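Q: The structure that follows is given in the form of structure tokens.
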């Protein structure tokens with residue numbers, strides 16, 4: 001530890017203990033020159049029993065370095081002790097995180113259950129309504145799916161356009177506006193024909209209801225359709241006949257009279273063609289109104305409402321599962337990250353125990369070096385003093401110098417073993433904690449039926465189970 005560097009400043013970041021530059025100190029303090037000067041002056045006197053000022057100054061120079069090194073040593077020992085002490089609280093922090101994560105998942109589960117309850121209650125209410133409807137009308141299974149609206153109305157539109165073209169052609173000759181006027185009147189007739197026929201077709205389905213009033217309504221709708229289709233189409237045909245012999249306005253009045261007097265008395269094949277096309281449009285619209293939905297009126301609506309409620313519940317259930325899965329993954333990752341951090345700290349604590357021992361051994365050598373350095377400086381002074389003085393030197397010149405002994409605090413026994421044991425405990429805590437989080441995740445929403453169970457008719461809530469314990 002002796003050297004000839006240019007500085008005796010202690011830099012703990014660069015070295016554990018400083019080197020004592022004896023030659024540098026001797027040069028800075030002018031030890032030999034001052035020793036010769038004191039020797040020629042008889043200083044210290046032969047009877048002196050204490051160190052001279054120069055000797056004390058030399059010892060103080062080494063003492064300053066020694067004191068700084070001991071101060072840093074004690075700080076490092078405290079740091080090592082704190083690091084080891086933190087090892088004992090690392091497991092508690094991990095256990096606290098496990099508890100917080102479980103509470104987070106439990107609270108999130110309750111929040112999601114509150115959202116699911118409204119959806120489940122609505123499904124249950126509509127389930128009862130649907131089953132009651134099915135039982136009342138002796139229905140089994142789902143209703144017949146509604147036919148594709150585009151195809152249904154596309155077919156009706158095609159036959160209606162054919163009727164418009166046919167009637168428009170017949171009406172155009174007698175209409176003042178020609179084809180435009182004829183087509184306009186034909187279009188109005190087609191719209192009335194299609195609208196009423198389609199609507200009455202839907203009403204005829206009420207004959208399937210197990211209620212006398214509704215059955216009568218269905219029968220009345222069927223009779224109304226037959227009467228409407230016959231009257232409308234024969235009226236149009238008689239109007240077409242009247243247009244051949246009279247003006248437009250007069251033909252309107254005459255067609256009504258002829259319809260009343262002789263509904264089947266048509267004058268031409270073209271008029272019967274008008275009746276046929278009109279009847280085709282009426283029957284097509286009527287049939288599509290009758291068959292587009294399930295034969296039981298209202299069954300499609302109530303079943304669709306129930307299915308929509310089930311879909312809403314399924315979406316809420318899926319969102320709840322996703323939220324819980326995200327919460328579980330986040331809690332698991334944080335727990336494992338915290339555990340990894342604590343493992344590194346504990347391994348640092350294990351290293352700290354070894355470093356404390358190495359530092360204590362280095363301290364012992366440093367203290368011996370300080371004593372040797374102080375004695376070298378003092379010996380250089382005394383040798384120079386002896387060479388220059390004419391009288392006898394003091395008796396203490398033959399005595400070595402020594403600093404007061406330093407008693408280093410002993411680290412407690414078993415520190416390393418305790419830190420290693422804490423690492424194992426943290427690993428066990430993380431493993432058990434993740435298992436408990438997984439259990440809490442898997443039992444979340446167990447109180448609520450799945451979509452498959454709901455469609456099987458089981459909408460009742462289950463007993464809540466949280467982390468393996470019945471709530």
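Cβ coordinates come from backbone N, Cα and C, glycine included.
Because TrEMBL annotations are produced automatically, they should be read as predictions rather than curated entries.
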Q: Quick one: which of 250-268, 269-287, 288-306 does TrEMBL have down as transmembrane segment?
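A: Transmembrane segment, as annotated by TrEMBL, spans 269-287.
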Q: Can you identify, from 62-86, 87-111, 112-136, 212-236, the stretch that TrEMBL calls transmembrane segment?
A: 212-236
Q: Counting only residues 6 or more past its boundaries, what in the same chain has a CB within less than 8 Å of a CB in the transmembrane segment (212-236)?
A: 167, 189, 192-193, 196-197, 200-201, 203-206, 255-256, 259, 263-264, 266, 274-275, 278-279, 282-283, 286, 297
Q: If you average the pLDDT over the coiled coil (310-341), what number do you get?
A: 80
Q: Mind checking which residues of the chain, 6+ beyond the ends of the transmembrane segment (269-287), have their Cβ under 8 Å from one of its Cβ atoms?
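A: Counting only partners 6 or more residues beyond its ends, the transmembrane segment (269-287) has Cβ contacts under 8 Å with 155-156, 159-160, 162-163, 166-167, 170, 189-190, 193-195, 197-198, 200-201, 204, 225, 228-229, 232-234, 236-238, 240-241.
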